[in-house]
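Q: Here's the feature list from Swiss-Prot:
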DOMAIN    78-177  domain 'Fe2OG dioxygenase'
BINDING   His96, Asp98, His158  Fe cation binding site
BINDING   Arg168  2-oxoglutarate binding site
Amino acid sequence: MMYHIPGVLSPQDVARFREQLEQAEWVDGRITTGAQGAQVKNNQQVDTRSTLYAALQNEVLNAVNQNALFFAAALPRTLSTPLFNRYQNNETYGFHVDGAVRSHPQNGWMRTDLSATLFLSDPQSYDGGELVVNDTFGQHRVKLPAGDLVLYPSSSLHCVTPVTRGVRVASFMWIQSMIRDDKKRAMLFELDNNIQSLKSRYGESEEILSLLNLYHNLLREWSEI
């Protein structure tokens, strides 16, 4: 399943990020990908050795960790350190699949269940630059407002189309979920959404408490901690 998570960053946060990224050190984006991805990747990334990068990636982690919708959809166990990329002058990233595992500075290795892109450029400011994701439901073309995030299975083939005008800047990361199976995770997300909707409409009740108990028992049964 693919999820649109709006307002992960406020407009003020986005403006501050963009101002700081104007001063960042950018390097060839192929340094963080494998041999297959490097053949189709043509973009730039913020140098992860810089002091500015350390500060910005911490801010992204704080923002996603505080977002209730992100947590409900991803049920994250481990988040990778966020990276930042930039596309301009017809730069693109052809169809590829993300690696199944990635190194993690604290955990050694993590499984990539979900991929996330946090858009930092207004969609009207550039042409092209769509994230195209192929999954079992078809092809999705994604170009979201700055500050919004898209979450999709890392097993999906995806690409970024050439940016023919302007500059597309984004942050991206991977998530190991407590729930490995996409279908089970989607069912828990739907159940959680329905519980919250019923609570807001009718208040607390024995039936809602029973559904909440069901949610947590399923989470207990399926989760890998």
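Just so you know, glycine gets a Cβ as well, placed from its N, Cα and C.
Please go over these features one by one and say how buried each is and what sits next to it.
A: Helix, strand and coil residue tallies for the domain 'Fe2OG dioxygenase' (78-177), in that order: 3 helix, 60 strand, 37 coil [DSSP].
Around His96 (Fe cation binding site), a 10 Å sphere centred on its CB holds 18 further CB atoms from the protein chains shown.
Note: Arg168 (2-oxoglutarate binding site) has non-local neighbours Arg86, Tyr87, Gln88, Ser121, Tyr126, Gly128, Gly129, Val160, i.e. same-chain residues 6+ apart with C-beta under 8 A of its own C-beta.
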Q: Comparing the binding-site residues Asp98, His158, which residue's C-beta has the most other C-beta atoms within 10 angstroms in this structure?
A: His158
Q: What other residues of the same chain, not counting His96, Asp98, His158, have a CB atom within 8 A of the CB centroid of the Fe cation site?
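A: Surrounding the site, in chain order, are Gly37, Phe95, Val97, Ser115, Ser154, Ser156, Leu157, Cys159.
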Q: Considering every residue in the domain 'Fe2OG dioxygenase' (78-177), what is the mean pLDDT value?
A: 96
